[in-house]
Amino acid sequence: MARRAAGAALPQGEDFSFVSPLVKFVLFFFNMLFWMISMVMVAVGVYARLLKHAEAAMACLAVDPAILLIVVGVLIFLITFCGCIGSLRENICLLQTFSMCLTVVFLLQLAAGVLGFVFSDKARGKVSEIINGAIVHYRDDLDLQNLIDFGQREFSCCGGVSYKDWSQNMYFNCTATNPSRERCSVPFSCCLRDADEVVINTMCGQGMQAMTYLEASEFIYTNGCIDKLVNWIHSNLFLLGGIALGLAIPQLVGILLSQILVNQIKDQIKLQLYNQQHRADPWY
């Protein structure tokens, strides 16, 4: 009888749940927000790819901003999908997958930052390869062209190491056999800015590669973008650190919430098993 009396209060606790609705729905809406952002990224990337000429798109595949947007968008979509469904359905497998993926992404970002700092020379060489590849395909991709022009204007630079790097592009190549009208030229984004200029002179870089550094410096930026970029990074370490922290905090919050929810679900499963065992007890 004492056993029955002790178990009499158990049915009142059958509605009790270890799973916190706050943790569950905060994690759900957290993932839903990034899930929607990822779908927009993929849609924009796919739309940008479809607008491009097929041959030109394949030629500059490795340096296509649209491809980068699609890849990042799909990655975020898959990770946040696991987080959304896992939290809503209280699925341990999906939540563990979400937590593991976020952990891997966080560690990869951390490793990339450390390796980039330790092996700065090799990182500089890799950046140089990417910029040179972008220069080669400058006229093949409008998105890439706009990105390069934006970078050269913002950093007041021209080319990778110097303005003569534009000779790697078939249109700007400075060899005597080049039939292009842009032979020995540089893009207009290399030109020095004129505050009084109302209409942009897109031909201002005509024949600049044929000039010496001193002569060309009167009309265009002669310094390369790599040095400018490195100097900008050194001058804005606190800003970059803040951006890195801003990217890391949502990832760490997602990992923490998912692990809390997984532990709560496991406790709830144990409680259900405990209740099932006691219902089978004839003295319950």
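Note that Cβ sites are derived from N, Cα and C of the backbone, with glycine treated the same way.
As written in TrEMBL, here are the features:
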type     : residues      : note
DISULFID : CYS157-CYS190 : disulfide bond
DISULFID : CYS158-CYS174 : disulfide bond
TRANSMEM : 25-48         : transmembrane segment
TRANSMEM : 60-88         : transmembrane segment
TRANSMEM : 94-119        : transmembrane segment
TRANSMEM : 237-262       : transmembrane segment
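Everything TrEMBL records as a feature, shown here on the structure.
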| residue | record | Cβ within 10 Å |
| --- | --- | --- |
| CYS157 | disulfide bond | 24 |
| CYS158 | disulfide bond | 26 |
| CYS174 | disulfide bond | 15 |
| CYS190 | disulfide bond | 25 |
Highest-contact recorded stretch vs the transmembrane segment (94-119), from 25-48, 60-88, 237-262, CB pairs under 8 Å: 237-262
Statement: Per the Cβ filter (under 8 Å) with a sequence gap of at least 6 from its ends, the transmembrane segment (60-88) is approached by 24-25, 27-28, 30-32, 34-35, 37-42, 44-46, 48-49, 52, 94-95, 97-98, 101-102, 105, 130, 133-134, 137, 140-141, 143-144, 147, 254, 258, 261
Field: Cα-Cα distance linking CYS157 (disulfide bond) and CYS174 (disulfide bond), given in Å to the nearest integer
entry: 19
- prompt: Apart from its near flanks, which chain residues at least 6 from the ends of the transmembrane segment (237-262) lie with a Cβ under 8 angstroms of it?
  reply: 19-20, 23-24, 26-27, 30-31, 34, 83, 86-87, 90, 92, 95-96, 98-99, 102-103, 105-106, 109, 113
- line: Rounding to whole Å, the Cα atoms of CYS190 (disulfide bond) and CYS158 (disulfide bond) are apart by 5
